[in-house]
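Undergrad: Taken from TrEMBL, the feature Mg(2+) binding site covers 60, 372. According to TrEMBL, the feature active site, nucleophile maps to 60. Summarising the annotation, TrEMBL assigns GMP binding site to 62. Marked as active site, proton donor by TrEMBL: 62.
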């Protein structure tokens, strides 16, 4: 079945975006589309969004419409970065023999660049899991490093790097490898290069890969190797446009690469992955803005010029060659309704003020933007502009399915935790009696025996609880556990999702499985006293 689907009826999804055993998914707008939606494909709501009030829906491209395959694309980025470290930054040739485990790192981690540590913390910014390179840091060492201070560390300064995008997983893994290598091979890496300097070099090597086009050239040569097919995207976009919404694309990628990727997503492609580029995919969008330089794009004071793109040649059109585009900063800016020789309005640069003029929206709350990057897509668009936001979290599909199949385990953990609390309460009561009540020797002896039994029982229950919790978390990830949890608290990543994403889901195509007029309502918030009373 071709990736390009124009009838909006039935689409089959394969690979990371698909169901097992060749199941068929249908767009909501099709006769087959009124179906029960698997929990992994549902859209979850933090803040109410009434789609009837949304007049424009925008999408990011990389990691949103185009989901890259981590086993190939992240490995490509890793290999390119290692080569740059050796050839351009003077690192030992041994690095060329290293390999990349794309499953090891997860989003939401924080790199302590100064100490060479990788941290996972909860929403209160308490460090719960910590590694130095690939060595697990003991609880005592962790507390001594991050817990015994008079002023809490915000983990936001220049000594820290946040792993919040899927693209940054490779550089986090490489940083951990360099930390271990430096510790184990004194002198192999210059003593002048501390952990912070090594991280800076990794970032520089990544930037070099982007600047020379290494990554994008490889993807453009064989998109099928690096990008997942998702046949729900075309019918989803058609449904949104048919419902009367303006649909736009805002991407940091430039036009040439954007055209290659979007041609792959909408096809048709041959069995060897080749395709002659066309502009047919533009029919799904009212406006396309490339080279947007997000997140600065979301600031009106960003005085970047907005250029029209000639889609056939890739040339930029400005006021000098007759296109009536005013200079940025002109309060009376007017944009043409029709640009000659263009099947769709394609632009480069500019800022959100230009986009609002193009969309003719009455209020920023009428815009829904869908992206994958907490800071680049979601935080600025919601916090600065007041747009409604939807975050794409591919890891969520596995997470919710494991949760759904682990109800009995979670109940067991709750019971063990409750049993620990009861034993500790009894212990505290008996110890209080020993220390503060006037007891004879016989009574003290009886209490001491009870305390010994309770302490033995407490140790047994504590060990069972910790082991059950370890096994439970390893179902999600063998090193870092649940993406959205750290122990019993929401993780730092989950806290960001909750604060900045009105909606979140595993794949962008899931939007096509729901009515374009749906009212997304959040579940009831529970505080601890609510949960205890209602449970």
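The backbone N, Cα and C atoms fix where each Cβ goes, and this holds for glycine too.
In the displayed structure, how are the listed features positioned relative to their neighbours?
TA: Around residue 60 (Mg(2+) binding site), a 10 Å sphere centred on its CB holds 26 further CB atoms from the protein chains shown.
The Cβ of residue 62 (GMP binding site) has 23 neighbouring Cβ atoms from other residues within 10 Å, across all protein chains displayed.
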Undergrad: Would you kindly give the Cα-Cα distance separating residue 372 (Mg(2+) binding site) and residue 62 (GMP binding site), rounded to the nearest Å?
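TA: Residue 62 (GMP binding site) to residue 372 (Mg(2+) binding site), Cα-Cα distance: 8 Å.
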